[in-house]
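Chemist: Right, I'll just put the structure down here and ask away after.
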Amino acid sequence: MLLIKKMCRDLWNMKSQFLSIFLMCMLGVLIYSGIECVWYGMEVESDKYFAETNLADVWLNGNNITYSDKNRIEGIESVEQTQLSAVYDSFLDENNEENIRLIANAADNISKPYNYSGKKYDPNGDGIWLDKDYADAKDVSVGDFIRVYDDEKNFKLKVEGLVYSPEYISYTGTLTSIIPKHEKYTFGYVSLDTLQDINSSVRYNQLKMVVEEDTDFYELKTRIHSLLEEKYINCIELSEFNQVYSFVSKIQQIKKMAIMFSVIFLLLAILCIRTTMKRIVQKQRIQIGILKAVGIYNFAIKIHYAMYGFIVSIIATLLGYILAPRTIAPVLLDLQKDFYSMPKWSIISSNYSIVLIVLMVLICTITAWLSCTNIAKEVPAQSLRNQVIDSNKKTFIENIEGLWNNLSFEWRWVLRDASRNKARTLIAIVGVFGSMMLLIASLGLQDSINKNNDVIYNEQYTYYKQLTVSPLMTEEDKAEIEQKLFGDYQWVMSISGECKNSKNIGTVNVFVIDKGYYYNIKNANHISIELPEDGLVVSKQTAKELEIKKNEYINLLYKGTEIPIKVSDIQPIGTPQGLFCSKEYWQDLGLEFVPNTLLTGKSKNLSDIEEESFVKETVEKSVQVEEADRVIDSVRGVIILLIMAAISLSVVILYNLALLNFSEKYREYATLKVLGAFNAEIKGVIYKGSVLNVLLGWIIGTVVGWYFLKLYVYTISTTTTVYSPFIKVSSYICATLVALGCSIFVNFVVARKAIAIDMVESLKSVE
Amino acid sequence: MKALSFNNVSKEYSVGHGVVRALDGISFDIESEKVTVILGPSGSGKSTMLNLIGGMDKLTSGQLMVFGENISQYSERELTKYRRNRIGFVFQFYNLIPSLNAYENVAIVQKMNGNSFCAKEMIRNVGLENRLKHFPSELSGGELQRLSIARALCKNPDILLCDEPTGALDSETGRMVLELLTDMAKKYKKTVVIVTHNASIALCADTVVHLKDGHIEEVVKNEKPLSVDEVDW
């Protein structure tokens, strides 16, 4: 009981030191658990959602897939379930601005729409089961009627239900769009009869499949291709199905982020507790001797000191655990909601948080226990004697005599002290470098995204407007446009095709680019890539996914024919990902150049062209830029979190250490004061003591921060956009000013204590 | 010549709700270039007197003159300058900086006063010329106190103020240190004030001020102070 009272008093007396351990433990758990609640909630809900709706594993796209084809594919051993679907794109307005993808499933077994309200989806029923997000955006309710426009006709459909679809979690509608725009790109489920009423030529063109877990996709795709022959277009597995997989990979990204942060804070907490407990135990050496002299067992003494670590860490970690789902998690989760359509979002913490808490508490307790084992081993008489500070080791700088001899005594004192208190020096360096690293990562993340957007929309794409044109556009139409634009245009053909090499089969985007100056592909170093005459350029991300090597030949499945193409170059391209070739090379391969994108500058005839029926969609580049900038919003929460963590980290750790350093040297400072040193001279020694740590921490933080930024940027890169690490000079200066500012502020606060040094302390015995 | 003059000096401390009068209207003089011992049991006011002479504390009433200057009127900065230039302090527990070697511990104060002696010479004078590069942890108690004396003298102060200089040492080492202290004071013509409860030291002093409960019990002038060797420790 007495020891508990003693512990409470010690904790109170050394509150600033224990506060840093408390904050490190709390922040570690708060950040980890806060982020974990988000990814784990997303994972649990998506797993439940995918299981409930029986999300397909493979999507086979083909022409006129019949029941007989379905049966033959079902015969493949690894295929467990199949379901035919017809997918057809149409519009919800006369001006063709609201796009709707109509899906008619032959049955309701695989990738079932999730019913939000109204009737359950009936594959044979009339009406439409509409996307819930579109309904919200357009204020459509169950029982309302909507019109579907196709060519010159329109069809009135009753909204039978509002649904979410597991296949449309992140549906952007076009390759050019990053963020879902539900009011512009939506989907709806209908029956095949309804779909054929809209367009009689529609047939089943997709087969959704559920396959065994250990399926060899290369073999599966090859077999399906050989079964369907010319009907086969491509076969997409989940990891290539961006509408769903971007959500799955987002969960992985957030997961990695949580681990990265918690590891940093866990390490800092360990360092903090080690330094603080060692100091407390050293300071209480004589008290330990007294406790032993009065007959308290060694074990009880060790437990007593271990309890310091236990009590502080358990309260801190539990507080972090309680606060996480109420603070960080809702903010981060809200940011995800703009990007993904899920029927349910939950904040759930997993057992990993508990494991982290147990780990942190255990480590803190064990560290505290270990810090007193040496003293506990001593006989009471030995503990009751003052310990002589062992200071007879040379620092390595002393070997450089030329340098050492030119140093002032204050510097020698500071350097030797730093060398003899390695743990304390290390943690001070870690405090600055950790803060610098987090600041570089947070500001650099924003700069990297901005830079990426800048390169894409100012250097790579220099057009004013992008027009999506129908492939059915005639040569005359094309010639008329070219004439109206007076040569100020560039045609691009973007298709999705299946690419095959000896190791992999995957669906890729192929960009065939005509001559012009509106589309200049840039690599990660912002250097323009010239499209070769004898092959194509593959983006590094695609090459990595499909294990494509430079100068090898790959087969591109286009319109039922496999075309061998040479890979002339592999380049780190930010966005988009895929294969890039010139129109000339494409035509040399004997393929027809059918552009579906027109890039133009500002032209007085542009509005006339936009009115043409073959123009399906127009988008101004400035709108695309705004959209891309919104990506920053999704990470802004994390950026603010990082900056706050960086500042609290440096202030808390550095204050703790500066205070520790000050109290350890108090007697020496008091002696100097008795000897006649001015306050400014004592402050000078205090400042000098931190300069080295700050300088080293800043240098290491700059280097490690860059690698951390690289890793961080890599984790936020998606299957379509690969970000390159970048930090502006102004951001770096800002990070430096904040990191150094925190250190200077802390030292200023501590140095002010020099004024109040009690000189009488120097006359007392060392205790 | 008077080095120090205490004129009706009182010092009070607030303790809880009450006031403790540590020195109660004390008056006496200390001659320059002499060794004066302030002797008294615990609670007699020795430490308070040491703090006042050392410029570490301010008196409540009265006047403290040091070589004709009233230091009781000094500001904080003036007191710091006073400690810096005029007082050489020898601590009971040496108070050397563990991270500086013997030479550096003395040299760090050398620059404080423009009138300082050479640090190396001072260390040689106390017989530690072979220990220049040794750290405090590598020196014995006697060596530490000798180094502390070298540091105090290096500034070339007017007064050498010693707080129980032999208190942490065995008798033989204490005797050697005291001998060194008196010899050095004579050599450099310094006024030495030793605050102690060790009556044996008093026999070597020119003047002994007996303190008790904040009052001066008596001031004894030794016409023939004993040499350190003659003192029965």
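Placed from the backbone N, Cα and C atoms, the Cβ positions cover glycine too.
Annotations in TrEMBL come from automatic prediction, not curation.
Keep in mind that what you see is a predicted model, and the values were worked out from it rather than measured.
The following feature annotations were taken from TrEMBL:
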DOMAIN    A:259-377  domain 'ABC3 transporter permease C-terminal'
DOMAIN    A:641-757  domain 'ABC3 transporter permease C-terminal'
TRANSMEM  A:21-42  transmembrane segment
TRANSMEM  A:257-277  transmembrane segment
TRANSMEM  A:305-324  transmembrane segment
TRANSMEM  A:352-376  transmembrane segment
TRANSMEM  A:426-445  transmembrane segment
TRANSMEM  A:638-658  transmembrane segment
TRANSMEM  A:691-709  transmembrane segment
TRANSMEM  A:729-750  transmembrane segment
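Any idea what these are sitting next to in the structure?
Modeler: Helix, strand and coil counts from DSSP across the domain 'ABC3 transporter permease C-terminal' (A:259-377) read 100 helix, 0 strand, 19 coil.
Model confidence over the domain 'ABC3 transporter permease C-terminal' (A:641-757) stands at 86, taken as the mean pLDDT rounded to a whole number.
Residues 14, 17-18, 20-21, 24-25, 27-29, 31-32, 35-36, 39, 305, 308-309, 312-313, 356, 359-360, 363-364, 367-368, 371-372, 423-424, 426-427, 430-431, 434, 437-438, 638, 645, 649, 653, 656-657, 660, 708, 711-712, 715 of the same chain lie 6 or more positions beyond the ends of the transmembrane segment (A:257-277) yet place their CB under 8 Å from a CB of it.
Panel annotation: around the transmembrane segment (A:305-324), residues 7, 10-11, 18, 21-34, 36-37, 269, 273, 277, 280-281, 349, 353, 356-357, 360-361, 363-369, 371-372 of the same chain, lying at least six beyond its termini, place a Cβ under 8 Å from a Cβ of the stretch.
Within the same chain, residues 264, 267-268, 271-272, 274-275, 635, 638-640, 642-643, 645-647, 649-650, 653-654, 657, 690, 693-694, 696-698, 700-702, 704-706, 708-709, 712-713, 716, 725-728, 731-732, 734-736, 738-739, 742-743 sit at least 6 positions outside the transmembrane segment (A:426-445) and bring their C-beta atoms closer than 8 Å to a C-beta of that stretch.
Long-range neighbours of the transmembrane segment (A:638-658) within the same chain, counting only residues 6 or more positions beyond its ends whose Cβ lies under 8 Å from a Cβ of the stretch, are 16-17, 19-20, 23-24, 27, 31, 257, 261, 265, 268, 272, 275-276, 328, 332, 424, 427-428, 430-432, 434-439, 441-443, 445-446, 686, 690, 738-739, 742-743, 745-747, 749-750.
Distant neighbours of the transmembrane segment (A:691-709): 260, 414-415, 418, 425, 428-441, 444-445, 448, 725, 727, 732, 735-736, 739-740, 743; these residues of the same chain sit at least 6 beyond its ends, with a Cβ under 8 Å from one of its Cβ atoms.
Taking Cβ pairs closer than 8 Å, the transmembrane segment (A:729-750) reaches residues 432, 435-436, 439-440, 443-444, 446-447, 643, 646-647, 650-651, 654-655, 658-659, 662, 686-687, 690, 693-694, 697-698, 701-702, 705 in its own chain, all 6 or more past its ends.
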